[in-house]
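Chemist: One structure follows; several queries about it will come next.
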């Protein structure tokens with residue numbers, strides 16, 4: 001059977017036939033769906049597969065990239081496809097401005113433009129790579145063994161578990177899935193799983209953790225994702241992207257172009273693009289990290305590093321609510337995969353570096369700025385390292401730094417009324433003006449505030465200690481690298497990035513306004529993209545030191561004992577982070593995936609219908625709601641005209657609307673406000689009510 005993961009290695013005739021067949025299938029499925037002849041599921045599947053893989057495979061053929069492993073090949077394919085979609089959409093939108101075209105971000109202009117673009121790419125691929133052919137056969141018995149089939153069940157169980165939770169409020173199946181996932185490190189430590197399927201198992205764990213969160217509720221959950229939906233939906237409604245609209249998120253093509261195009265071509269609603277497609281793309285990040293770490297350490301350390309990275313709550317708890325950061329972290333990972341890779345030739349690597357640099361810039365401003373400062377400091381470190389060791393620094397690298405900086409600043413200065421550029425200027429001013437007075441002040445140093453926060457129960461205190469152990473091991477791992485006390489074969493550029501990211505982590509706990517601009521937990525999760533292996537390295541170094549103190553020799557047997565101890569730690573760590581322990585012990589719950597009674601950004605059908613009613617009838621009135629219910633209003637109205645509910649009803653402007661959700665009605669309170677339902681009903685008029693939401697007019 002032909003290896004579908006190595007499509008770029010096929011004989012060109014077979015490759016061409018498959019691409020054309022999929023393109024015709026896409027057009028056919030779209031028209032059949034438009035005419036209501038078939039179930040839209042066909043269009044969903046064909047549209048998703050086409051956009052996610054076909055442009056990427058063609059680009060790999062143009063660049064003559066061959067003979068990569070299945071996993072690495074797939075990662076480069078998906079990355080190239082996403083880059084292509086964002087650049088294609090931006091180019092189409094720009095052409096509409098030049099030639100005064102209307103509604104170009106709609107079905108027929110995109111389909112026509114996509115057809116022309118793919119035709120041009122396939123012609124270039126033919127000129128470049130028509131003579132390459134290699135037998136790419138896949139051994140079915142290797143990929144369809146009992147272990148792979150067993151782990152393949154997990155994503156389906158997760159999807160079914162979220163369905164049961166949404167419909168009946170029963171978390172039993174999700175608890176079972178989480179417990180089974182937590183056992184995987186133990187199976188790896190006991191050598192019950194072959195190393196050749198580590199990548200696939202990591203992906204299964206990744207998609208399960210992401211879906212167990214993102215598929216809860218039929219609507220969007222989280223902070224930023226509601227405003228991201230508003231921006232993407234604005235593009236869909238207007239059928240054009242307005243680059244002058246003043247908003248940080250509007251500058252991000254990962255939201256304003258990628259999401260609308262996926263929705264238009266596949267026919268999947270924008271809500272489910274953000275709830276399902278984006279988490280699927282993001283689920284590949286741990287798979288890429290495994291490839292990066294494995295090339296510098298070994299299979300077990302790489303696996304445990306990735307499992308640790310996925311176990312952190314921010315990975316599946318916060319990132320599913322940050323669509324633009326999901327895409328940005330994917331490109332961030334791809335840049336490091338390029339840095340580590342030694343098989344791709346230099347000119348192709350340079351082209352892909354530029355492509356992924358630009359894709360990172362147009363995906364997330366925060367991560368782009370972090371990376372910009374990182375590469376500058378990394379080159380300073382490497383300059384002194386090379387001077388000390390009498391090695392020459394590459395002028396090409398300096399050119400890339402200059403190019404990235406110019407692209408980054410130019411994009412943010414000339415889109416969205418410079419709002420993203422102004423944001424970094426304001427942040428810099430805040431840090432500089434307050435650093436002397438508020439250094440290590442928990443009031444303005446968010447990371448220190450989080451560290452000093454008291455636990456609400458003894459079990460939560462245990463969880464806090466587990467987190468502190470993690471920080472300790474990471475610190476020991478980085479320090480041991482600095483002191484050359486580890487025998488891992490880390491790339492010197494990766495080492496320099498490690499020092500910089502560890503410095504970022506320290507700044508979270510010392511520098512005022514540094515972490516709060518992006519949020520401490522999000523910044524921590526970003527640094528773990530680089531620092532995650534040093535949790536394992538730090539643990540190994542610690543146990544080595546204990547063995548040395550006991551004056552016993554270090555052996556492979558000791559190493560395997562450490563690996564088994566790590567597997568037990570990670571088992572417990574995931575159960576705590578996922579909220580499993582709190583559900584079993586009936587302690588203060590932390591996961592809305594497992595407990596829908598938590599006051600959070602979880603919305604039901606009645607609340608959504610009410611918000612839609614407000615949107616249809618609102619004539620620029622101010623909208624007020626508590627901090628969580630406001631997020632739902634933002635997805636309809638944007639952030640400019642929606643406000644957190646004040647503590648005093650007298651402060652609310654006349655003719656404003658107050659939105660009341662199910663939690664507010666059932667508990668007679670509003671989150672972070674002293675106003676209750678009784679105060680509102682006595683001083684305002686109720687103009688809408690259903691079984692789960694109300695609207696009052698001031």
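Just so you know, glycine gets a Cβ as well, placed from its N, Cα and C.
What you are looking at is a predicted structure, and each value in this text was computed from that prediction instead of being measured.
Here's the feature list from TrEMBL:
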- 44-63: transmembrane segment (TRANSMEM)
- 75-99: transmembrane segment (TRANSMEM)
- 105-127: transmembrane segment (TRANSMEM)
- 148-168: transmembrane segment (TRANSMEM)
- 174-193: transmembrane segment (TRANSMEM)
- 200-225: transmembrane segment (TRANSMEM)
- 245-265: transmembrane segment (TRANSMEM)
- 301-323: transmembrane segment (TRANSMEM)
- 396-414: transmembrane segment (TRANSMEM)
- 495-514: transmembrane segment (TRANSMEM)
- 526-550: transmembrane segment (TRANSMEM)
- 562-582: transmembrane segment (TRANSMEM)
Chemist: Can you tell me which recorded stretch out of 75-99, 105-127, 148-168, 200-225, 301-323 has the most Cβ pairs within less than 8 Å of the transmembrane segment (562-582)?
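Modeler: Stretch with maximum Cβ contacts: 301-323.
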Chemist: Count, for each of 75-99, 148-168, 174-193, 301-323, 396-414, the Cβ pairs lying under 8 Å from the transmembrane segment (245-265), and report the range with the highest count.
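Modeler: Going through each listed stretch, the top one turns out to be 75-99.
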Chemist: Looking at 75-99, 174-193, 301-323, 396-414, 526-550, which one has the highest count of Cβ pairs under 8 angstroms to the transmembrane segment (200-225)?
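Modeler: Comparing 75-99, 174-193, 301-323, 396-414, 526-550 against the transmembrane segment (200-225), the winner is 301-323.
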Chemist: Could you name the stretch, out of 44-63, 301-323, 396-414, with the greatest number of CB pairs under 8 A to the transmembrane segment (75-99)?
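Modeler: Stretch with the highest Cβ contact count: 44-63.
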Chemist: Would you confirm whether the transmembrane segment (301-323) and the transmembrane segment (396-414) meet the contact rule of 3 or more C-beta pairs below 8 angstroms, pairs 6 or more apart in sequence?
Modeler: no
Chemist: Could you tell me what the rest of the chain brings near the transmembrane segment (396-414), counting residues at least six beyond its ends with Cβ under 8 Å?
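Modeler: Distant contacts of the transmembrane segment (396-414): 251, 350, 353-354, 357-358, 361-362, 365, 368-369, 371-372, 375-376, 379, 420-421, 424.
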Chemist: Is the transmembrane segment (526-550) packed against any residues at least 6 beyond its ends, judged by a Cβ distance under 8 Å, and which are they?
Modeler: 285, 289, 293, 296-297, 301-302, 304-306, 308-309, 312, 329, 332-333, 336, 367, 370, 470, 472-478, 480-481, 485-486, 488, 494, 497-498, 501-502, 504-505, 518, 558-559, 561-562, 565-566
Chemist: Near the transmembrane segment (148-168), which same-chain residues lie under 8 Å Cβ to Cβ, leaving out any that are not at least 6 residues past its ends?
Modeler: 174, 176-177, 180-181, 197, 200-201, 204-205, 207-208, 211-212, 215-218, 593-594, 596
